[in-house]
Amino acid sequence: MPDVLRVAVPVPLPQLFDYRAPPGETVAAGCRVVVPFGRNKRVGIVVGHAATSEVPAGRLKTIDAVLDDAPLIGAELLATLQWASRYYQHPLGAVLETALPVGMRQAKPLPFEGERALTLAAAGRAVAADPPLRRGTRVRTLFERLVDGPLAYATLDETLPGWRDSASALRQRNFVETIALSTATLPTARVTGPTLTDEQRAAIDAVAAEHGRFRAFLLEGVTGSGKTEVYLQLIERVLAAGGQALMLVPEIGLTPQTLRRFRERFGASVFALHSGLAEGERSRAWLAAARGDAGVILGTRSAIFAPLPRLAIIAVDEEHDASYKQQDGFRYSARDLAIVRARALGVPVVLGSATPSLETLANVEAERYTRVRLSARPGSARAPTLRVVDMRRSRLVHGMSPELVTAVRDCLARGEQALIFRNRRGYAPVLTCHDCGWHADCERCAKPMTLHRARARLVCHHCGAERNVPAQCPECAAQTLAPQGHGTERLEEALVDLFPQAPVVRIDRETTRRRGALEALFDSLGPDKPGIYVGTQMLAKGHDLPNLTLVAILGVDDGLYSADFRASERLGQLVVQVSGRAGRASKPGSVLLQTHHPDHALLGTLLRGGYRGLAASLLAERRDAQWPPYAHLALLRAEAKQLQQTEKFLRDAAEAAGMPDGIDLAGPIPAPMPLRAGMHRAQILLSSAERARLQHFLPAWIDALRALASARHVRWSVDVDPIDLY
Ligand SMILES: Nc1ncnc2c1ncn2[C@@H]1O[C@H](COP(=O)(O)OP(=O)(O)OP(=O)(O)O)[C@@H](O)[C@H]1O
Ligand SMILES: [Zn+2]
């Protein structure tokens, strides 16, 4: 009778821990248990059983409590987590720590499973016909909405921003109360979708034909072609058949529109799952998924670990997006795990993008994935025209060429909206002294600090260090300190100056810090008024702005000459995605790309062949150079206070590696940013034509690294399938 439980405990140690089950009890894999751990108690997950343990019988401890009667994590999810732990070389306990919401990791009863909703209380219902509330006020609006029945908090968040203040006013008069509804009883607001285009219908049919079978699809649809509509209708079919759907998006905060569209279509069975949620809400969504109450989980990266017993389809929108890869701790790719889970479950998975990653395109080329296409925008909308503006001979106005300024003026005169894209927040990327050439650098990163003028601070965008703006040059005492270059803050100032009549809305991390700020900014300009958006890549993602017809792209030049192997791919994706915001409805859109390098090969390829042309040429380059997707990488990063410590560790690591068969080992080499936040950084890059060779090699090597004396003085990590070498 095997009575040893193998338990994963959320600690950064690679092994499982053995415990004895309480006498006479069986505890299934996937259940949470409370275990004594050192001097503390921990909540762990039972991963398996064994007949015997290496721990001597006398020292084998018994678990304190079993928290779940039935497994909280089903067999498929547990298997996926174990696979991910092995593949990404990260301890299973720590993997579980990433996968489970905090609420699930506590030795507490599970939070209640209902959905919080606001409803009229008895006093409110009594006056429902003629409420004593002034007409046209927000309080009255909220009240009137509730007359039709209870509304979930989530629905109110989507449809009545700021409703909480009105709710407290109503609560004071005992007109409303909060109740917990099971999701099944919540009224759903159903909106039907548009008539599909032939291509959309073909895409849906192709995927739906694989219901109940694993198959990976690339939904390659130009920007604005209606990919979201394809996901929505596929999910509709899955729900009708009693299944659940998992939909991953890069960042929910950036695209509140998406959540709104899902809620309109599927009502309260849609649960959002992302890091911006309060802990209680996260747990609630997670449990609703686990119990099968949630029909759709719409979430960011970590939602890939949602337990979904009836999962029947997975969709990953903007699959090329870097946010799917976690960049610290457990460095998994949610996009890749979507494939792993879909295969384990035997369900279709759809990766969608207008600018697919080269990995995914290579998988299509190798016939592992099936491509379905949306080649045009629905209705009268056309793809925008792209033109390169040569800055070399023009006299710039606040960093903008006269051509660009004219185009913005014309756009506003037509009553339309323009988007000025610059991927640099702050006022100016550098502050220099005109007399002696001094510039303000971060001492801990040896890189220029960005001037934030409104806050009157210099900020390092690499480590977050801040300081006051000096009144005079610290080197030569001249009073000639001047900002160099243009960030979004400075462009905003310039645009207000140039176009005093037009509203200018800046969208970047500074202006959207508060919850709901992004939506408020979009609302402030509204869908029809003429005006200007200026901002960073936050503006590149998924926004659907019908009156936006001009996109101006500034400052891509850094990206043209970056050393990172993925820089060209990323730049192409960014340009195409930002461009895709123009002309999405009936009016035609145009894009101006301002550069000092109009003859650069990348721009030429992009202009002539679009993203597909660029991707084909980049794939050929990667094949020649044996870079991913034609090779597989693992990166050992190390950093320490002293350079010698980093170097010593990496030399030892290289020695421990020896000369593994079929694996190229490059390094130790300095990291692209050799100094960051005061730490000296370097790395070793492993590369192999065969994934299996790396997978075979890494575990023993990592064990050896853990045992190195020099490892004690450094922070190190191994990144499997790194998306950059930064
Ligand atoms: N069949 C259709 N008929 C009419 N309008 C449609 C149809 N399908 C989608 N649309 C509309 O077209 C616009 C773009 O669709 P959607 O946002 O789904 O595109 P997308 O491919 O996801 O775009 P992107 O990748 O650029 O974010 C939306 O306003 C959507 O409502
Ligand atoms: Zn710094």
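Quick reminder: no glycine exception, Cβ is built from N, Cα and C everywhere.
Per TrEMBL, the features are:
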{"type": "BINDING", "residues": "CYS433, CYS436, CYS473, CYS476", "note": "Zn(2+) 1 binding site"}
{"type": "BINDING", "residues": "CYS442, CYS445, CYS460, CYS463", "note": "Zn(2+) 2 binding site"}
{"type": "DOMAIN", "residues": "208-374", "note": "domain 'Helicase ATP-binding'"}
In the structure shown, which of the binding-site residues CYS433, CYS436, CYS445, CYS460, CYS463 has the fewest other Cβ atoms within 10 Å?
CYS436
So among the binding-site residues CYS442, CYS473, CYS476, who's got the most Cβ atoms within 10 Å?
CYS442
For CYS433 (Zn(2+) 1 binding site), the three-state class that DSSP assigns:
strand
Chain-mates of CYS442, CYS445, CYS460, CYS463 with C-beta within 8 Å of site centroid, Zn(2+) 2:
GLU443, ARG444, LYS447, MET449, HIS461, HIS462, GLY464, ALA465, ARG676, ALA677
Rounded inter-Cα distance in Å - CYS476 (Zn(2+) 1 binding site), CYS442 (Zn(2+) 2 binding site):
19
PLDDT averaged over the residues of the domain 'Helicase ATP-binding' (208-374):
92
Check: same-chain CB within 8 A of Zn(2+) 1 site center, minus CYS433, CYS436, CYS473, CYS476:
HIS434, ASP435, GLY437, TRP438, PRO474, GLU475, ALA477, ALA478, THR480, LEU481
Which binding-site residues of CYS460, CYS463, CYS473 contact ligand 2 in the sense of C-beta under 6 Å?
CYS460, CYS463
Taking the Cα atoms as reference points, how far is CYS433 (Zn(2+) 1 binding site) from CYS442 (Zn(2+) 2 binding site) in Å?
16
Measure from the CA atom of CYS473 (Zn(2+) 1 binding site) to the CA atom of CYS442 (Zn(2+) 2 binding site) and give the result in Å, rounded to a whole number.
15
